[in-house]
Amino acid sequence: MTTVRQRRAGKGTEAAEDQPSEETNVKPDGKILPDPPGRKLWKILSITVGGIVAISLGLLTSVYVATLHENDLWFSNIKEVEREISFRTECELYYSYYKQMIQAASIQQGLHGLVYDNKTESVRTINILERMNVYQEVFLSILYRILPIQQYLEPVYFYIYTVFGLQAVYVIALYVTSWLLSGTWLSGLLAACWYITNRVDTTRVEFTIPLRENWALPFFAVQIAAITYLLRTHLQPAQERLTLMAVFIATFLFSLTWQFNQFMMLIQALAFFILDCLDMLPTAKVTWLYIIQISGLLLVCVLQFFNSMILGSLLISFNVSVLIARTIQKNLKKGGLLNRLGKLILHVLLVLCLTLLINKFIKKILNLESDEHIFKFLKAKFGFGATRDFDANLYLCEEAFGLLPLNTFSRLSSTLLFYVYGFVLFLLTVAAVIVAFRNLSCSNQVQFKEKMEEYTVTLKPDAAYSLVHTVLFGCLALSTMRMKYLWTSHMCVFASFGLCSAEVWKLILKCLHLYTSQRTQVIKYSIPIIILLYMSFKFWPGIMDELSELREFYDPDTVELMNWIKSNTPNTAVFAGSMQLLAGVKLCTGRTLTNHPHYEDKNLRERTKQIYQIYAKRSPGDVYGILRSFGTDYVILEDSICYERRHSRGCRLRDLLDVANGHIMDGLGENEPDLKPSLYPRFCEEIKKNLPSYTMHFTRVFQNKTFHVYKLAKHK
């Protein structure tokens, strides 16, 4: 088991002055009046200062997480095999392709090795570029090869520094989004500080560097910033075209770098759909956003050799359905309240039915089953019947896919983030309900727009999108802990925007009959500054202590195993074992695997379940036959899995296998009535007794405190 030990000595009313904000000097015909010279100079100065602060905070965040990574592992001092092991599980698999491209004789040979890969899954040749989102590793390896930096920078440092550099992009994008929403860069400063002080809940980049989300989320943040700017009123045509291009590029890069992109963008598309139905976003811009999502995903599909999972995604089916339904129902936004509500219900039902029909048709044509495990997991998670499906239970029993722990909120509250977020969320939700009701009630849109200035409660399109975005991704985070990083980062943006927004404070003060323009300006600047000072005094000492704490990576058993494999087995040897461990075997030794952690393939899932029979109650002959069918030469057994105590009964890997095989589970507790005792003892325990029935198939060739390696006999 990998451990870390102590290191040995060795709503747009008046725009704020300092914002890159919507112009207030607008003629009735839509033309923008030039700013007075003094105001223009002040705006340029403010944008310059705000930009410098944004870049500085981004770079500081990047250095901060890089320092934490170095201090936690003593990365610069440990051996290469220890560095590679420190990446852990699926991260090791992704990094192995970067290493493979670096070590290839040429770029062309490296690409050929990825397109025709026969070492990731034994007795199969697969296209890595089709199956996995590893174009970032390909691009980075090519960049490393062509740049004159090989003598100064090791490949591993070029890789990790790039990922840490993306954190700078991430923080700058969050900063800019908050700035655009509120109109003051003070809001961006507060958002960035909240992101840093809540690091435990906003990112995990320092210990899961190659994870796909660490590549993708910075581009997602850039996309949200671009959408926020796009939704502003009075944009010039050239500005709008450039912003649409920025949205497309960010959407494409986000889609290219993460296999779960389609599910995240589906939630985003739902936000567009809800707001469009309620007349809170311009329909023309929403249409462009639907088209951008589809085109970005289809371009990725082409680059991934027409990956069928992308073609069969719900996102494409949903967006196409919305565009078709809108064409059918042309008068959706006309009529009184009851008339529009009726049309809206029909519209939602039409979109839902079309989405399911189109998706079912595509999956039928393509014979697509790659993502069925996700829907099985969701069905079981939300209580639509119990399941004995091994794959679904494997997810259900992982803490990362469980509900968001309550202690998350106590951590977020310690920085005041959650309190402010709840306050702003309540206010804007009330405002959104009022605006939505008003939009649906008004049948005359021209007259409605003329009266907009008279209303006390308004909600700008960019603020409305931010509200629905945070609500939907909040629901996702509450239901699945692993997805909290999509919510908590935007939580920082949303809370800081609300706290620094003149519109929010204007609404509050008007409700209290205390509104004056000067009072609004004082409050919108003073409260954020007070919170920043509070966070500085409370968290700065802790951050300094964290940066001064020095530790060292320590996992001698895994290091010993990897060194033994490299020294004592042929390069063509095929290894079977747990998904997580085999990813490390591929990275550290280059040996061929039977299975791996990238689970988005039905054949691989079935293969993994078969390989895992080494931890089930099966006969030695059955296990031997299964392993040999995948060309296995060596099998690695882990005591931490065979005698697992991390999970409770019913969620241990051996329990999942027993239930899937129809056998009763070990230990005290209830079993389902139709489960029966197995005729054989547990394989991983019994093989250690060296009984003849086992030794005729398996010979132990390596052993330490954690791992046992057995060589398979090659019977004729």
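Cβ atoms are placed via backbone N, Cα and C, with glycine included.
Feature annotations, courtesy of TrEMBL:
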type	residues	note
COMPBIAS	1-10	compositional bias 'Basic residues'
REGION	1-34	region 'Disordered'
TRANSMEM	41-66	transmembrane segment
TRANSMEM	179-197	transmembrane segment
TRANSMEM	217-235	transmembrane segment
TRANSMEM	242-258	transmembrane segment
TRANSMEM	264-281	transmembrane segment
TRANSMEM	312-329	transmembrane segment
TRANSMEM	341-362	transmembrane segment
TRANSMEM	416-441	transmembrane segment
TRANSMEM	462-479	transmembrane segment
TRANSMEM	485-505	transmembrane segment
TRANSMEM	525-543	transmembrane segment
Recorded stretch that, among 41-66, 217-235, 312-329, 341-362, 485-505, has the most CB pairs under 8 Å to the transmembrane segment (264-281): 312-329
The transmembrane segment (416-441) and the transmembrane segment (485-505) contact flag, 3+ Cβ pairs under 8 angstroms: yes
Candidates 312-329, 341-362, 485-505; stretch with most C-beta pairs under 8 Å toward the transmembrane segment (462-479): 485-505
